């Protein structure tokens, strides 16, 4: 065999064989004797054990001692014991890592790893320093690491949690099925109530039979008397004993073969209607009924609640049609009053039977007070009266100290009482008499004040008068007037309707009146209780109900009201008072029957549209406002639901509240409820303002005529829009300045006619290409409207002073409402957290789905792309050349790709895995975290308009999301740890998974605040993915070499990349557990370490992670590397503080707040606290920013060169 050995272009070979002496001349002097020996594969001898052999072509380089190579790297070059844990088996011509499951104390020996230890590749000895890992459950020679006892304990905990979750799931399923059944039951109850109503009617009439018999006898007697006194009607006389008399009695009262009672109310009416005018007075009716005073009042109230249109003019009378329909119902309701104890017992038995409680033989059963709202009592009592009865039983039980607290269906603490039959029979008649007293409602309002719910407020509603109220908004470069010098008054304890066509400024007027028109410029004078003031200075006395039903769909009716009370009621209001007020409000609005029903939305079944509208009103009533503004409360409701809503508002006025409502095309009976009317035309000008019942006469005086059968409200809207011409009215002219002249009087000065004229010009330009008839029609309508505006001004000037003082001018000044002390921000934070927990529980299925998706993603990435021990199995095979290295440049050329391959390849695999799992965790957690802000954003805006502390809201949302997503991070870290079985501790995975979550939630919330809601998901996903990857240290431009050489880039990466701390922390923590022979961690005998680090780019790139804390990062230990934990915590706080600033700056008009500039320039009262707050926020923000920068760019202790032998 030819031996050719060419080194530095010097021929070391000869034609006769290998010149060993020539080779040995090139071996450095530090190589110990006997380390190199001849070896020729042609001799058939394998490479000896403990030596590495090399062949180039057909030429042999001989064999070199592996032990000597390890010594040279450690002692001569000062690299440390980087070749420990390698061996050179016989027959192998290279250097190999000690195989997994064994340890190699020297290069010739491979010993099986003892039980209780796991020996990965390149293990020197079965100790931690030697590279082995303690493993209690690993058998001898284990090739895979078994879970240790700690991991087993963790698995047991996880198994227990999974079992708990499984059981919880079964319970939830049962609860969900129960809830579904409850929903079905609720709707069955509603359908069943129809069946029960029929049965109740039958039972009601059956109980009325004796009364109806008496009435029939009285009617017969009345007819007999009349026949005896009138000779002309002798043929028609009816005698009690004559067959004709008996026949007529039967026509009034008849019992069929099934026992059903048939009472002909029409016959009754005809007998009493002597004038044949189709109406009867209640006095005439009671002459036959002979009702007691309280029963008569209840009968009249029941009949009047159903008065038809024809009855409205004279509410003391009733028409034939109304009498025929509702007489029996009204009589039955009235007959329920003043019951005997025996009758009370019968009522209890009926209620007990309805709710499924059997009390055979009149046994002493018990019923829950909440069940009274669904019982027989609801047929003749309203919710407020039933609530009064329930309150009476509560007071009695409290007095006797026998109150029983029952578990409510809801999660909000509430107290129901259990009523026994004995107590019911004894107390019910008295409570019934109390709640059916005509003055009960006013006494109830007084009672609430006495009990402290309204102690800080005066009696009666707020009186608001305004003069020349104008609202202008900026549309592009044009200022558009939407409310044009409107004057008027909202009288205390009255209900005012605001009507007008599209574009008339109805909602804008409402916003200007209640101080929410911050999107424009409002001018004019406002008088509160006769005192000139600003309406926004009395926010605690103002309630505003938006057109949309903005309530929490996942809360019950009662919970929505209670949480509103906890936010809005004065500081110090007790929980009992809040709950009592919520119950009273539900009773007042007719919601007590559905108190424990979820409100629901389009995706979840809940209460009806009319009920949801009343919940919307009830939320605002929990503020106990003195004036309530409503924006189209009947929109989207059927006529019956709309009537119920407006009837509830009318009751509020009677209880001492001022109500102003935008209303669109109300039906006649709803319109009749309003005391005053504001009718606006296009451009926000007044067409009419005054008593609602006088509006018809006003327009008739202007020559307009209402067609028979047409709705007044629709007629008013047609007139205000200019679509109807007056019959005989004066023509409109203009003076030379553009003012309007009616007759000889210039009156255009009272409104901004230029705005109207501008609208005309705009319409003319818009319709330039339309046909002439369309242009003419629109211009004609505009002229009609201008005439209406002018006519109103002229009419107003002619109103007598006494009437102006009553309806239009400010009253004599009286006390302004006392401002209340709002709930503290800290208390609001606690309430927000409680509500968030309840909402999360209600959405637990969605939360579990989010949880499962993240866990599955982490598991899949860890399983498919995770790092195991095979990722580090890179052998430094060709190291024969180490014997010829004599300079640093030689070492750089020959040693870098060989000695440090193990650490470099393994660390690269670690960083790739950390980048993938961190990316998916960051994106999914960020998307989950946005839901708490985006799903309830409208509810947030509404509460902010009512004075909610938005900072408390965001902090609570951040805490809730961080905890929710933190649970995902804990479990995700556990899954990754169990699948990978890494060398580092679980605490490492836990810490950095939580850091990733902490930063991802912070950025998700900040972006959800400043980004339009439609784009939040896209922006959050893109931000976390793009910036997370680009500046995590692995991808240009955010490579570690660039980050650590540029402090600005380091700070930018630390703040804007959620993955930066995660990837580096995970990698360095695992790499620290590498033994010194890995080439990453450094032993104390590596005296050339500092020079080596700076000289060799390969190792320099490898260890450029953790450059600011290099000494700790290169120290061999497995407890983890937590250098970035303080920085990550502060960065998360900094981003959250930025979110708190952003939520106070963004969408201020939607939050019902003035712009910051307006607040700064408005008055010194608001300027000083605003400036102080701004300075404190500035200091806090830049203080955190400075601390963040320092924590990111700071450097740990520099390596102690003395320790490394330098």
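Every residue, even glycine, has its Cβ placed from backbone N, Cα and C.
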Among ranges 980-1000, 1043-1063, 1064-1084, whichever one TrEMBL labels transmembrane segment: 1043-1063
Region 'Disordered' according to TrEMBL, located in which of 224-243, 244-263, 264-283, 284-303: 224-243
The domain 'EF-hand' (260-295) - residue tally per DSSP class, helix then strand then coil: 19 helix, 6 strand, 11 coil
Tertiary contacts of the transmembrane segment (848-867) (same chain, 6+ residues out, Cβ under 8 Å): 906, 909-910, 912-913, 916-917, 920-921, 924-925, 928, 967-968, 971-972, 975-976, 979-980, 982, 1070
Beyond the flanks of the transmembrane segment (1009-1031) by at least 6 residues, Cβ under 8 Å: 915, 918-919, 922-923, 926-927, 930, 933-934, 937, 954, 1000, 1003, 1037-1038, 1043, 1049, 1052-1053, 1056-1060, 1139, 1142-1143, 1146
Residues from the same chain, set at least six apart from the ends of the transmembrane segment (1167-1193), whose C-beta lies under 8 A from its own: 1047, 1050-1051, 1054-1055, 1108, 1126-1127, 1130-1131, 1133-1134, 1137-1138, 1141, 1156, 1159-1161
